[in-house]
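Visitor: Questions regarding the structure given below will be posed in turn.
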């Protein structure tokens, strides 16, 4: 068939809906509806011919219904159905009928019924899609993102967006019921240092000046508390120009909250109620607050990180004191020079091959390990290890006791600075859990991490940096440390971690100007710079700012965990790639020279 003939043929078979009005979605009909006249609309998922009868799986975002074209019911409609192909758009009218007993499909909610069609309207045709839209076919992510509107027709993707809608609805309802006000804050604001790079927007009316897209509504929500709004929330887009990972996007959605006249316990209580409601509405799962708490220091000691996955054990054990007097010179030297020696016990893993161990050594090197010492526990406390000969029998027994090591266990050691050892063993612990299939995606383990340091020293910048942001309140008992040992001061911050992923965090804020000025000074921000960047906030703190605090949740990351997705991109309708590109629209893209000139920008490329 020539292209022109094909186009004319397609044009003749496409029709309008006319007087047809949809009565049901494709997931709705059951045995109780047998005998009803119904009208369904959707896409052709599959077409099958059996003995002259044509079967179509008709799909919409809700589900699938089998529709049947039988020449004995309507020969004209049956003849018309011969032309149907995948992804054509249909409207059908027919009668709900029971499927023959041996033809029922228990995998579908509509699997007990089918529609005997007596009217068919072809609303649109489709070229052959670039990939099958079933669940079984593996499709490259780049191709899916290029044709995202097709990818979103796939049932799993449609379910993700439906679940996201339910989540947002549940959050709004909960916060509205708890006296929160939904208030919008500006998208075009000024650039302020919050850690990551800002996305900058040049001003056309103010030559050489730029807006920044917000990394968070932090300052505006604090100003709303000073304005007396008392309880604020917003489900808001935020932007960060940073290197991307599987759980990061340049633009992301944040559940943002702020409350006045509260302390940490009250904010945590409100938040746990919201999470409890969210999981009930989306997964019909009953959570039981209060959630567990762990301090930052304890989390680092036990799990090597500040976002502990507590679904499994394999905790870090501190062997530094044993190492200070042990025979192994490498461990002893590191321990005596202020480093640390720690280990984890992978129970019943002594069967790991040398190839496995070499692979784990290479993995540990990615996080700064100069090597990876290991021990396989044999009968009677014997060690199988390249380092076994360097330890006395008593030393081996002490280490085995500290690690609760039994025959068949596999021990891994880290010896270096605390920073390196925590990262190496923390990541190795997670890698072992993945290899041993210890991470149950259907288990939801929540823990609050508290008592973070207020700031840490950045050697590259030669100044202190906030762990969270400069507006986090220090503990009252640590105020005097701001001038003498700011890295020793603890903050009134709290993060909520789910299955080893930080899903939200917040703090009590500074509400007194003198304290805010002292924190900025400790961060190396002098009065002139503070007035330039935060003068509006400092002035507001002088005009009756109430005690306040809040937190923010990453909605995308939370939905990734709720849906069990491997990537945050699977829960966002139109995500960017890890290079911050949109394969669908081909953004970012070049713009006309005239547009740049209007913005006082000089192009540096040749046309």
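Cβ coordinates come from backbone N, Cα and C, glycine included.
Per Swiss-Prot, the features are:
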SITE      50  site 'Important for tRNA non-discrimination'
BINDING   194, 240, 468, 509  L-aspartate binding site
REGION    218-221  region 'Aspartate'
BINDING   240, 241, 242, 249, 502, 554, 555, 556, 557  ATP binding site
Visitor: If you measure every Cα to Cα distance among 240, 241, 242, 249, 502, 554, 555, 556, 557, the residues said to bind ATP, what is the biggest one in Å?
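Guide: Comparing all Cα pairs, the maximum is 19 Å.
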Visitor: Tell me the coarse DSSP state (helix, strand, coil) of residue 468 (L-aspartate binding site).
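Guide: SS state of residue 468 (L-aspartate binding site) = coil.
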Visitor: If you count Cβ atoms within 10 Å of each one, which of the binding-site residues 242, 502 comes out on top?
Guide: 502
Visitor: Over the region 'Aspartate' (218-221), what is the model's mean pLDDT?
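Guide: Result for the region 'Aspartate' (218-221): average pLDDT 96.
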Visitor: Can you tell me whether DSSP puts residue 240 (L-aspartate binding site) in helix, strand or coil?
Guide: coil
Visitor: Which residues does residue 468 (L-aspartate binding site) neighbour through Cβ under 8 Å, counting only same-chain ones at least six apart?
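Guide: Sequence-distant Cβ neighbours: 452, 491, 493, 505, 507.
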Visitor: By CA distance, which of the recorded positions (50, 240, 509) lies nearest to residue 502 (ATP binding site)?
Guide: 240
Visitor: For the recorded positions listed here, 50, 240, which shows the highest count of neighbouring CB atoms within 10 A?
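Guide: The most densely surrounded of these recorded positions is 240.
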Visitor: What is the number of other Cβ atoms found within 10 Å of the Cβ of residue 557 (ATP binding site)?
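Guide: The answer is 21 other Cβ atoms.
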Visitor: Return only the integer: C-alpha distance in Å from residue 242 (ATP binding site) to residue 50 (site 'Important for tRNA non-discrimination').
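Guide: Counting only the Cα atoms, the answer is 55 Å.
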